[in-house]
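S.K.: Structure below; questions to follow.
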């Protein structure tokens, strides 16, 4: 790996700022100051910026049980960010793999592997996301049969030109539904139930593809195993 890229991936420096730090003689490799941005460095090399040893962080894959009141945005806003719950070096480089609304709880995946994130979120991969839904009004009888059929066929939401992809709806109780989606439109679950005259009171994601949410307390997280990462092919 080029030294300027190594610096940009292990510090807050951009590639251009890394080159300036090199030009000022602030960087050493194996105890020798160097000003060569194209110098190739590897795991066996000791790179320091000033007195600080730099370590290249590998790709990370995280499962988080997102609590309510936390947003999945990379930018700072009105609410705490999901990445702020992850106590790892350079956690700001993590991105959420499919967002949840601020008031929605449950399973969020985070990674700094863009290709893996695309595999999980691409509609072509048909990676189902499973939600537990608490409704304002009971959904039973003919209304339930109509909703199951309508969701399976696809719902044309307000402002959309195409209906939603087929979704799977089942009921756990009169007010409690389980819905599996294969895409991620804006406020999709809330809008789908709104289209049949109901309202979502609470929303919790319990699974993404082959992974189900662990018994993590709200705000807790863990790293995925190699097998879990490889399950998204």
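For all residues, glycine too, the Cβ spot is worked out from N, Cα and C.
Pasting the relevant annotations from TrEMBL:
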DOMAIN    1-62  domain 'RNA-binding S4'
S.K.: Pop the mean pLDDT for the domain 'RNA-binding S4' (1-62) in here, whole number is fine.
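M.R.: Mean per-residue confidence for the domain 'RNA-binding S4' (1-62): 92 out of 100.
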S.K.: List the helix, strand and coil residue totals of the domain 'RNA-binding S4' (1-62) as derived from DSSP.
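M.R.: So the domain 'RNA-binding S4' (1-62) is made up of 17 helix, 15 strand, 30 coil.
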